Amino acid sequence: MYDISGWKHVFKLDPNKELSDEHLEMICESGTDAVIVGGSDGVTIDNVLHMLVSIRRYAVPCVLEVSDVEAITPGFDFYYIPSVLNSRKVEWVTGVHHEALKEFGDIMDWDEIFMEGYCVLNPEAKVAQLTDAKCDVTEDDVIAYARLADKLLRLPIFYLEYSGTYGDVELVKNVKAELKQAKLYYGGGISNAEQAEEMAQHADTVVVGNIIYDDIKAALKTVKAVKGE
């Protein structure tokens with residue numbers, strides 16, 4: 001079993017986006033700590049299965065970030081379950097989770113499942129619109145969400161999601177200083193190695209996503225920038 005607490009760099013692949021076999025191989029053989037499969041829309045059991053089978057040709061750990069209960073399938077190493085803490089809709093905080101547990105609770109392997117406390121900070125992002133996230137928040141608000149995830153709910157992961165835009169480095173630094181046991185994931189807007197390295201100074205895990213589809217070479221350079229290997 002892999003230890004997620006040591007992961008510094010992960011790639012996130014959207015099953016609803018096209019990625020060539022050649023580029024997938026580059027991602028999986030890049031030295032990244034893991035590949036997360038997940039997206040905000042268009043996620044189906046068919047494209048999740050296609051992605052799973054493709055990634056399983058390689059040794060890299062593989063995680064499904066669950067956004068649709070209907071797209072869950074066995075075969076991943078871990079399952080990340082996001083709870084959008086700044087959503088205005090209870091369904092994205094605990095609602096869909098409750099429904100999933102009613103249906104699948106008896107057969108779930110709890111050693112494979114990790115809850116993520118999400119704080120979505122880009123109002124233009126699909127995930128913000130889907131979950132009706134309250135993005136016009138102050139630093140004090142974000143710190144409070146971090147404390148909620150870390151100290152009250154005792155979640156293993158607190159995820160700052162800027163999704164498509166590069167985040168506030170000082171805020172990331174201050175959030176990290178608040179966390180005692182939760183790991184800080186940062187995702188959003190990383191388009192080059194310099195940005196990845198900058199965020200890696202504060203976040204425990206840097207998530208690289210969109211740049212994979214825009215500039216594969218730049219995406220690959222983020223691995224060494226974060227891990228320093």
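Keep in mind that glycine also has a Cβ here, set from the backbone N, Cα and C atoms.
Here Swiss-Prot flags Lys12, Tyr159, Leu160, Glu161, Tyr162, Ser163, Gly164, Gly189, Gly209, Asn210 as sn-glycerol 1-phosphate binding site. Around Gly209 (sn-glycerol 1-phosphate binding site), taking its Cβ as the centre, 22 other Cβ atoms fall within 10 Å, counting all chains.
Residue environment of Asp14 (Mg(2+) binding site) contains 21 other Cβ atoms, counted within 10 Å of its Cβ in all protein chains. Per Swiss-Prot, Mg(2+) binding site is recorded for Asp14, Ser40, and the stated evidence type is sequence analysis.
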By Cβ count within 10 Å, point out the most packed of the binding-site residues listed: Lys12, Ser40, Tyr162, Gly164. Tyr162
For the sn-glycerol 1-phosphate site built from Lys12, Tyr159, Leu160, Glu161, Tyr162, Ser163, Gly164, Gly189, Gly209, Asn210, further residues of that chain with CB within 8 A of the site's CB center: Asn122, Ala125, Thr165, Tyr186, Gly187, Gly188, Val207
With Cβ-Cβ distance below 8 Å and at least 6 positions apart along the chain, what are the contacts of Leu160 (sn-glycerol 1-phosphate binding site)? List them in sequence order. Cys119, Leu121, Val142, Gly167, Leu171, Val172, Val175, Leu184, Tyr185, Tyr186, Gly187, Gly188, Ala203
